[in-house]
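*Asks:* What follows is a structure written as structure tokens; I'll ask about it next.
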Amino acid sequence: MTNIRKTHPLLKIINSSFVDLPAPSSLSAWWNFGSLLGVCLAVQILTGLFLAMHYTSDTATTFNSVTHICRDVNYGWLIRYLHANGASMFFICLYLHVGRGLYYGSYTYSETWNVGILLLFAVMATAFMGYVLPWGQMSFWGATVITNLLSAIPYIGTDLVQWIWGGFSVDKATLTRFFAFHFLLPFIVTALVMVHLLFLHETGSNNPTGIPSDSDMIPFHPYYTIKDILGFLIMLTALSALVLFSPDLLGDPDNYTPANPLNTPPHIKPEWYFLFAYAILRSIPNKLGGVLALVMSILILAIVPVLHTSKQRSMMFRPLSQCLFWLLVAILFTLTWIGGQPVERPFIIIGQTASVLYFLIILILMPVTSLMENYLLKW
């Protein structure tokens, strides 16, 4: 008798995606981050749902409602900090997942890659709006500064900003709509994840060598299910340690002060996971130029497949490209550090240099190095 998981209309979809899926036998731990992102998304949706049950999106009571969650709701402090630090864990996994794709040439699956870029933008938008919701000082001023950047768009900029604000400043209308969108977007992200997986399963997974592995496939279950579960345990242990021992490590102390439009914090900065893009934004003196550089710092991922000039897919056997890749990683760490520093010497020039190098490596040095490697290998 045929197993029900292979005949049932719903179960056979799950079976072909997570049980009998043929997977390359050589996948390393770098392939764990996709499933870890799924766990992060589930944690965020669940904790967010429970937070939304107690949260009020009215400027008069918002800050107090968050305090109430932490003090009076059963395990409210745990739910709140799991949600806040879960976002950090989400972005750590997200950046490692994108880095894996760049290193091993997974971007040659263009549909999967492009849906992934859409996912990245959607998650960033969700995180930005979520940061506004506690209505602390950094929430308010972060929202004011970042939304104000849209005023750099010629002709329609000012009207666009006021339309997003729902008035002439960030206020009750802004908070209410940000809460609505922050609640809605994770479900759109979930739908996009399904599209992402659909396109991935059309082509099959890449592997560390970048060489087609059709002749050497193994079933996803039990091999990779066990491996993924180990990844879940490690990540959830790290998240639990962060939440239980130093929940405010990655947050900003200014956000424990209620939002005050009359008092500007000394250093306005976003959460740590946006600092690299914020540093690129600040490194250009012109407002519109800065906004374009900010968008391009992430949108540049969309043209990476076009810039692939190597005859090999993966960087596994390309030491020169590997050096450039790790230099790019170092530059991203530098930009993250600079984004959190005040705008003064020597941070300004360091940020500008790192920003130029970031674009230079991706747009020019990597394609040229790939061509040089082709020549050296006589391909």
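Numbering starts at 1 and runs along the chain as displayed.
Just so you know, glycine gets a Cβ as well, placed from its N, Cα and C.
As the structure is a computational prediction, the values presented were derived from the model and not from experiment.
Marked as heme b b562 binding site by Swiss-Prot: HIS83, HIS182. If you look up Swiss-Prot, you'll see HIS97, HIS196 marked as heme b b566 binding site, on the strength of similarity to another entry. The ubiquinone binding site annotation in Swiss-Prot covers HIS201, and the record cites similarity to another entry as its basis. Annotation comment: Swiss-Prot describes 33-53, 77-98, 113-133, 178-198, 226-246, 288-308, 320-340, 347-367 as transmembrane segment, evidence class similarity to another entry.
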*Asks:* If you draw a 10 Å sphere around the Cβ of HIS201 (ubiquinone binding site), how many other Cβ atoms fall inside it, taking every protein chain shown into account?
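*Replies:* Its Cβ shell of radius 10 Å holds 14 other Cβ atoms.
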*Asks:* Find the one among the binding-site residues HIS83, HIS97, HIS182 whose C-alpha lies closest to that of HIS201 (ubiquinone binding site).
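*Replies:* That would be HIS97, the closest of HIS83, HIS97, HIS182 to HIS201 (ubiquinone binding site).
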*Asks:* For HIS97 (heme b b566 binding site) and HIS83 (heme b b562 binding site), what Cα-Cα distance in Å is obtained after rounding to a whole number?
*Replies:* 20
*Asks:* HIS83 (heme b b562 binding site) has how many other Cβ neighbours within 10 Å of its own Cβ?
*Replies:* 21
*Asks:* Counting only residues 6+ away from its ends, which parts of the chain sit with a Cβ under 8 Å from the transmembrane segment (347-367)?
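*Replies:* Contacts with the transmembrane segment (347-367): 279-280, 282-284, 293, 296-297, 300, 304, 307-309, 321, 324-325, 327-328, 331-332, 334-335, 338-339, 341.
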*Asks:* Write down the Cα-Cα distance for HIS196 (heme b b566 binding site) and HIS83 (heme b b562 binding site), rounded and given in Å.
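*Replies:* Checking the Cα atoms of HIS83 (heme b b562 binding site) and HIS196 (heme b b566 binding site) gives a distance of 24 Å.
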*Asks:* Quick one: Cα separation, HIS182 (heme b b562 binding site) versus HIS196 (heme b b566 binding site), in Å?
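*Replies:* If we compare the Cα positions of HIS182 (heme b b562 binding site) and HIS196 (heme b b566 binding site), the gap is 21 Å.
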*Asks:* Relative to the Cβ of HIS196 (heme b b566 binding site), which residues of the same chain, six or more apart in sequence, are found under 8 Å away?
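*Replies:* The list for HIS196 (heme b b566 binding site) reads THR112, VAL115, GLY116, LEU119, given in order along the sequence.
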